[in-house]
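The structure under discussion appears below in the form of structure tokens.
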Amino acid sequence: MEEQQRRALRRGRARLVAELRVEPLWDPLERRGIFTRTMLEELQSAGSRGDQARQLIIDLESRGKQAFPVFLAILRDTGQADLADMLLQQCQSPPAPPQLPDLRPVELELRGEKQRKSQCFGQTAAWEVAAGIPLAWAIVCVVLIFVFLVYELKADPCGHCLILNNVNFSRDSYLSTRVGSDIDCEKLERRFKALHFNVLARRDLRAQEMVLELQKLARQDHSTLDCCIVVILSHGCQTSHIQFPGGIYGTDGKPIPIEKIVNYFNGSNCPSLRGKPKLFFIQACGGEERDRGFIVDSNSPEDEAPGSSLESDATPFQAPSGNVDEPDAIACLPTPSDILVSYSTFPGFVSWREASGSWYVETLDRVLERYARSEDLLNMLLRVANAVSAKGKYKQIPGCFNFLRKKFFFACG
């Protein structure tokens, strides 16, 4: 959405909250593809009509380039043309120039109790100085800080997304078939395509083939793109490491350290991705520990204990036997800036997967569908960790190693 359109919605919000009839809007907003049914149900649960109208206007800003003109058309179609005309007029009005502050010296007196409070909390002097700054200028400063602390994703497509999906393993690897992994792959392929990425999915690769695919991606010219994503769905293992343990198995049973995978894309080895976010999502185990968790008050019913339909993505560091599973991948980052590695489970513990897919990928896909247009990546990963940690009798909690310098928002325009 264009900035003048966002500004029009903000200027007209008070009148919209007071007058907007939201009930006739729900069906056309869904039919025109501005909101999904799930999003509309959440909006409808916001409270009173005014609360629903307020939340609708706020969420509308993040719904893409067509959201504003489509919203105006729907207003006219539902007999609310006066509100559409008001928004159009606000959109055409030039923005008011920010008022520069009168930056005169402020004399501070810090004695007695006031001085002690300032020393303890560092607040008194800051508030006295801030009192001389107009609110409009303070808002401008906050906006500028926010802009500089957010990665810019304006390219379309945003970048490349490589999904390595290992399902069937060689007999002599002693690794079981990863039932449900194809479902995970299909979900993430659809999701990242919807988020404007070029997606390439490769299935059942030996370790060296995985390395070649990763190197091929790292050697591409990413100069016109803003981001790069790597997703790995496989069995995991412990490997020798510098900082963090973990590796991923190829279908031939040979491991690849995650630190090696990440290093292909660091600032030294992939210059065209310098300063740009590089995201890694790993569905594999972190060990063979099975966590039963601890008792807390909860309104959620306890799931059944894992049975034959519930599997893990781990394999032991020693020569595996039978269908036992173990550790996941973690990263060593000699040039760590602008890198985030998200893991399906805590190091040392199993990562559960069913015939319908893994807990981690299922939850990640659902969270991205619902919140990718409004929340930053770290906040969404907290939602994933919270949801996955509540599942099952055996417990699992995803986590991440975050070396991003800024907030990351998916470009959803």
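Just so you know, glycine gets a Cβ as well, placed from its N, Cα and C.
Between the stretches 97-124, 293-320, TrEMBL puts its region 'Disordered' entry on 293-320.
Other Cβ atoms within 10 Å of the Cβ of HIS235 (active site), summed over all protein chains shown, number 30. Note: the domain 'CARD' (1-90) comprises 66 helix, 0 strand, 24 coil (DSSP; helix = H, G, I, strand = E, B).
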